[in-house]
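These come from Swiss-Prot:
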TRANSMEM  9-29  transmembrane segment
TRANSMEM  39-59  transmembrane segment
TRANSMEM  89-109  transmembrane segment
TRANSMEM  125-145  transmembrane segment
TRANSMEM  147-167  transmembrane segment
TRANSMEM  258-278  transmembrane segment
TRANSMEM  280-300  transmembrane segment
TRANSMEM  354-374  transmembrane segment
TRANSMEM  425-445  transmembrane segment
TRANSMEM  547-567  transmembrane segment
TRANSMEM  608-628  transmembrane segment
TRANSMEM  723-743  transmembrane segment
Amino acid sequence: MEHTYQYSWIIPFIPLPVPILLGVGLLLFPTATKNLRRIWTFLSIFLLSIVMIFSLYLSIQQIFISCIHQNVWSWTINNEFSFEFGYFIDPLTSIMSILITTVGILVLIYSDNYMSHDQGYLRFFAYMGFFNTSMLGLVTSSNLIQVYFFWELVGMCSYLLIGFWFTRPVAANACQKAFVTNRVGDFGLLLGILGLYWITGSFEFQDLFEIFNNLILNNRVNFFFFTLCGFLLFVGPIAKSAQFPLHVWLPDAMEGPTPISALIHAATMVAAGIFLVARLLPLFIVIPSIMYIISLIGIITVLLGATLALAQKDIKRGLAYSTMSQLGYMMLALGMGSYRSALFHLITHAYSKALLFLGSGSIIHSMEAIVGYSPDKSQNMILMGGLTKHVPITKTAFLIGTLSLCGIPPLACFWSKDEILNDSLLFSPIFAIIACSTAGLTAFYMFRIYLLTFEGHLNTYFLNYSGKKSRSFYSLSLWGKEEEKKLNKNFGLVPLLTMNNTKRSSFFCNKTYKISNNVRNKIFITVENFGLNTRTFYYPHESDNTILFPILILLLFTLFIGAIGIPFNQEGIDFDILSKLFTPSINLLHNNSQNFVDWYEFLRNATFSVSIAFFGIFIAYCLYKPFYSSLLNLTLLNSFQKWNSKRIRWEKLINFVYNWSYNRGYIDAFFKTYLIESIRGLAKQTNFVDKRIIDGITNGVGITSFFVGEVTKYIGGSRISSYLFFYLSYVLIFLLILFFFYFEKF
């Protein structure tokens with residue numbers, strides 16, 4: 001057993017040979033390397049599978065033994081300072097390693113088909129291999145310097161993968177935005193690490209925890225300074241895990257290939273921030289103000305992410321805001337001190353969200369044959385619909401992932417989210433109300449995505465759509481850039497959304513709705529049926545087995561992974577697999593809890609949370625189910641006519657919610673106006689001072705000297721005797737002036 005742990009340090013480096021060899025091969029032997037592309041893919045999957053098996057073995061052993069910490073290499077700078085390189089194996093490391101490798105393997109298998117026609121196929125796999133290596137190095141790190149090194153590598157890999165299609169200006173801007181935003185967080189993290197070293201004199205996790213506990217017990221620490229260091233440490237996870245207000249990079253990161261979106265949102269980039277907060281929780285937990293800040297940032301992100309997802313038309317962007325909201329739940333749990341619930345939700349959400357992203361990639365892949373390869377078309381849910389009969393396997397998998405994220409039992413996210421909601425009730429009633437309300441919003445926007453994508457008919461053939469930019473209704477009045485130029489900002493949302501080519505009418509009109517097969521009215525969209533012509537229509541088809549296989553495996557994970565946190569026996573609440581791994585786990589909310597499971601309380605709380613989820617699903621179903629398929633929706637809409645007195649108020653509310661969501665809460669606009677433009681203005685002023693004033697003074701002295709020399713040259717008549725005469729005259733005058741000044745002092 002000890003022999004096995006001695007080689008744990010090699011975990012991050014097992015997948016590393018493939019990206020290194022690919023990089024060298026593409027530079028020196030590009031043709032031969034490209035001809036062996038399938039072999040490189042197999043090697044990537046094989047090496048990551050070895051890491052997965054190793055991680056599984058370590059996880060099993062973690063149930064029976066304590067944490068393992070060992071330094072492998074040391075760089076001594078002087079007698080008082082040295083850098084250590086080692087590994088720290090504990091249940092958190094084991095769980096994260098399994099999560100990274102399982103999702104990573106499935107994404108690699110998926111990418112083999114998804115990226116097969118891309119010219120950057122091998123470059124993509126090189127980046128992916130390096131990404132997995134960086135994340136594995138991060139979770140096995142034994143000290144903060146090592147963490148920061150791999151933390152930066154994770155950010156670099158995300159920059160490369162988000163901007164993988166760097167020839168597209170949108171993708172290039174997206175990767176720059178992600179890079180710059182994370183620089184802010186990384187700078188704060190670096191300052192926090194240096195401040196913590198100033199206090200404790202060590203970077204090692206175990207030494208940090210022990211030294212700091214002693215300082216606290218002896219009251220030998222400046223509490224304000226440590227609070228500042230703790231906050232700076234938390235700034236890094238705020239940016240990396242897309243927490244408010246440094247979340248702005250996450251939706252733009254969807255410009256990268258779909259497989260990398262799945263990996264970033266499930267097991268790598270955004271999970272890194274949650275991991276670091278969990279790793280440093282023994283430090284944060286002794287500072288109530290930092291714990292409250294963590295929970296506050298988490299609850300704000302929970303609500304903000306859910307509201308921003310309400311009006312997205314891009315399927316990947318909607319899922320991105322969903323990730324942001326779910327990460328907020330995890331951060332909220334960590335801020336409440338519910339360590340186990342946060343990590344449980346990290347696990348269940350990772351597999352559910354990977355399933356949803358790979359499912360969306362399958363949909364996008366099938367839609368590209370119909371609408372083309374532009375993401376503005378292939379990812380646009382407005383052009384989808386009616387895919388149930390065309391992609392039944394993908395539809396079933398996507399539905400399971402959607403239900404899981406909504407918190408429907410017995411799927412994975414139900415168990416973890418229910419724990420967080422229950423803990424929020426113990427922590428703060430206000431936080432509990434927000435968390436529970438957001439659970440309903442989650443169900444609403446997730447089923448909105450599902451219904452727009454799979455229900456009804458294929459909207460591509462029902463839209464007045466052309467591949468060229470036009471002023472047709474395909475701009476949908478609220479979606480296209482072209483329409484934004486001519487949009488009257490005073491328009492109400494509801495009248496605008498239900499307008500057709502000849503007139504504009506309100507969603508809540510005075511006369512009863514009539515059955516019409518030519519118009520489908522939905523909140524936020526209107527789709528016109530212009531009739532079928534004689535041309536042949538093509539429809540999406542199910543993806544290949546290489547794409548479906550990872551989706552089906554993730555489907556199984558989504559169905560059964562929640563079992564690791566369920567106490568199946570009656571011995572106590574800490575007798576499930578997850579609790580055995582995290583024993584003794586940090587949980588401030590259940591220190592005095594009973595040693596048995598109160599199933600009545602569990603069922604009561606579960607019924608409440610599931611009821612909220614079903615209410616959100618019901619609202620989404622009423623608003624987004626195809627109207628022409630049933631008369632029930634018309635009856636529902638006609639009942640709204642009785643609300644004439646509330647019509648204007650209701651329209652204003654919908655208009656506000658839509659504008660808030662579609663414009664990203666105006667946060668991007670705020671940053672652009674008051675931060676980016678201010679920095680650019682300051683840069684312009686600095687440039688003016690540097691070139692006009694600083695350079696002007698220097699150049700002025702030089703020009704003045706030049707003209708004085710020119711004048712002197714003509715006065716001397718180009719004779720040495722004249723130059724000597726003038727020189728001696730000037731020296732004499734200078735000495736006389738100096739003498740008189742000196743004489744006056746006496």
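Quick reminder: no glycine exception, Cβ is built from N, Cα and C everywhere.
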Exercise for review: With pairs restricted to those 6 or more apart in sequence, evaluate whether the transmembrane segment (354-374) and the transmembrane segment (89-109) have 3+ C-beta pairs under 8 Å.
Suggested key: yes
Check your understanding: Short question: which residues 6 or more past the ends of the transmembrane segment (280-300) have a Cβ under 8 Å from it?
Key -> 196, 208-209, 212-213, 216, 223, 226-227, 230-231, 233-234, 238, 243-244, 328-337, 339, 427-428, 431, 434-435, 586, 588
Point to revise | Chain residues in Cβ proximity to the transmembrane segment (39-59) (below 8 Å; excluding those fewer than six residues from its ends, i.e. six or more beyond) | key: 4-5, 8, 11, 14-15, 17-18, 21-22, 33, 89, 91, 93-95, 97-98, 101-102, 104-105, 108-109, 112, 122, 125, 128-129, 132, 136, 581
Practice item. Test the contact criterion for the transmembrane segment (547-567) and the transmembrane segment (125-145): 3 or more CB pairs under 8 Å, pairs 6 or more apart in sequence, then answer yes or no. Key: no
Point to revise | Segment proximity, the transmembrane segment (425-445) to the transmembrane segment (9-29), 3 or more C-beta pairs under 8 Å | key: no
Check your understanding: Looking only at residues six or more beyond either end of the transmembrane segment (425-445), which have a C-beta under 8 A from one in the stretch?
Key -> 295, 299, 302-303, 306-307, 309-310, 318, 321-322, 325-326, 329, 332, 336, 405-407, 417, 589, 605, 608-609, 612-617, 619-620
